[in-house]
Amino acid sequence: MTVQQVLLLLLLWMWLPHPCHTEMLFRRTPDLRPKSFGGRALGNDGKAIHRQKRGWMWNQFFLLEEYTGSDYQYVGKLHSDQDKGDGSLKYILSGDGAGTLFIIDEKTGDIHATRRIDREEKAFYTLRAQAINRRTLRPVEPESEFVIKIHDINDNEPTFPEEIYTATVPEMSVVGTSVVQVTATDADDPSYGNSARIIYSILQGQPYFSVEPETGIIRTALPNMNRENREQYQVVIQAKDMGGQMGGLSGTTTVNITLTDVNDNPPRFPQSTIHLRIPESSPVGTAIGSVKATDADTGKNAEVEYRIIDGDGTDMFDIVTQKDTQEGIITVRKPLDYETRRLYTLKVEAENTHVDPRFYYLGPFKDTTIVKISVEDVDEPPVFSRSSYLFEVHEDIELGTIIGTVMARDPDSASSPIRFSLDRHTDLDRIFNIHSGNGSIYTSKPLDREISQWHNLSVIAAEINNPKDTTRVPVYVRILDVNDNAPQFAVFYDTFVCENARAGQLIQTISAVDKDDPLGGQKFFFSLAAVNPNFTVQDNEDNTARILTRRNGFSRHEISTYLLPVVISDNDYPIQSSTGTLTIRVCACDSRGNMQSCSAEALLLPAGLSTGALVAILLCIIILLVIVVLFAALKRQRKKEPLILSKEDIRDNIVSYNDEGGGEEDTQAFDIGTLRNPAAIEDKKLRRDIIPETLFVPRRTPSAPDNTDVRDFINQRLKEHDTDPSAPPYDSLATYAYEGNDSIAESLSSLESGTTEGDQNYDYLREWGPRFNKLAEMYGGGESDKDTS
């Protein structure tokens, strides 16, 4: 018989139900025997320890799990040596499952299990047994404890905590590289037989992966597995108990393994030559196009850096790597010119930025391509010879003087003529003008550095054949200073001299300012316009001077104020000078020279008037003047009010000039009855809207016959109004109900004059003086930038 057959028979025997005949005997110790053994032992405290001898014979019960029989499963038998077999003793069972799971025969002591027991739920049960006298109910033996242990059978298969596992391993890994470990558990008893001994095996995933039988570690089994060829693998692992032998139970799980990327592929350009086009007018920084090298790797392993390594356009173009698209964007580095060069050739290289040293043998990890860039011709605007111009001119130059010339050319091969003009927004005062043909800038108004030291102009150059294509250039005009301003006093000086002043006493220090700005700085000289017996001026030679007295004592009663003319001159060429007059008041001072009172108040003090009285008198005079002015204004306004505001007034004077009126259809503003019945006009009827200042005798107008045409009547009245000298030039609106046929004189309005602006000559405005020069320039002359030859 082979070993396998023996094991199979043993397994079948274990599955069959077997009664347990183990007995627990009760023996009663004779009374004459001592209650304890003679052996003694010492404890840690040195005292003797005595072991009592029990009357129970102890045994452990064993019960096989998963019983499938129809009767109760027999566990064992309890028996006491006091039991004579006459039924006088009663056996009692207590503890885990007593009375429900385990029952005992009170007379015989047989123990049975009432249902199937699963060891995985509970491996053992602890119970207590006791024998008592049935009549007296007294225990004949002390209560004793025993254990029913459940024997395990292989009724649980190994299980994995996860149904599906996910794992990764780098591509190109060597054989035996650990991927992941899976572990299964078995609920059977690991200490009893091989029911819980698990062995792992691989059911799916060979020959790419393998698993260690004892540990469940999955490892690679093939070298150089390439992610670019295959990325996903599914591996099925089996866990089997009984040490993997036949008849063992098993469980499986699935492991999804992904190969992660490594940089094992270099970048490659799909084309060896790339053609791009760009207009020559493209500004610096314009993107021309893109190049892209493909890389089979992903993530950072596919990142590429582009650079221009050779070619005749390395200084004209740049290339920038676009990180999100992994493209190389070629941009313009310098301005292009079709007339200078029409074709450029670049050699562009793409290289991986993260190279794995383990795969150097697969390199090099870079590639190159040729990029040819064609420059296309466009109609370019004019180009100035400079990016900006700076002209310096003295402020005293004559009108029409050329201050500088700007130059521009057409960069195209056609070389179209250029026309120059000034942007009038940069020269609102029209101080400058430009020759449209040669770009010469000249003055059209006098210059003044003290008003504006700098003028920032903008010159526009346009092709005559294509005026819309223009170019601008800034022109900075600096006005140089000319000594054309005389120095003046820096401030207004309130100067006084004490009555008790002595000769040579300083009464004022003066200084001067000049609007000019000479290169050597300001230098002023001070002197008197004429010899003065009372005061003199002393130049400090630091652009200040001192005013000194020339005699002792002054009297404010004799002369209260002195006027001292002081001549101030500069040292620039031509020398400019001016005379400033100092007003020197004579005042009363204390012994220290502090002013106490001056001439105006001193003259009034003898009359007994104080300062407060003077202020009160002045306030009264001002109030009286205000009352008189208000009274006169009210009287004048009342004088001009209308006497009668009647709806019967047929003249309908216009009072508000901003009211346009209702037009011809507005018949409520006047009474047309008078026009249709001229005889109804009252003689000697004066205007009632204002008070006439001079009464004129109105001319008597003969009434027109009833059969006279209304048009003749209107013409007659119009002639009378034009020739009547008594009619003042009131701003009145004479409205006529009958318009009549076309007028021979056409429109009488000045707004629709038959002459146009171009037919009128406004040169007479120049004869009216400098105040009308602006109007003369606007209407009398042509455009400020009008072409001149």
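Glycine is no exception: its Cβ is also placed from the backbone N, Cα and C atoms.
Among the features that TrEMBL reports, domain 'MHD' is placed at 57-318.
Annotated domain 'Cadherin' per TrEMBL: 80-160 (among others), in sequence order.
When pLDDT is averaged over the domain 'Cadherin' (161-269), the result is 91. Marked as domain 'Cadherin' by TrEMBL: 161-269 (among others).
Taken from TrEMBL, the feature domain 'Cadherin' covers 270-384 (among others). With DSSP states grouped into helix (H, G, I), strand (E, B) and coil, the domain 'Cadherin' (270-384) comes out at 10 helix, 56 strand, 49 coil.
Taken from TrEMBL, the feature domain 'Cadherin' covers 385-489 (among others).
The domain 'Cadherin' feature in TrEMBL is assigned to 489-603 (among others).
Residues or ranges marked as signal peptide in TrEMBL: 1-22.
What TrEMBL lists as transmembrane segment is 603-634.
In the domain 'Cadherin' (489-603), helix, strand and coil residues by DSSP number 5 helix, 56 strand, 54 coil.
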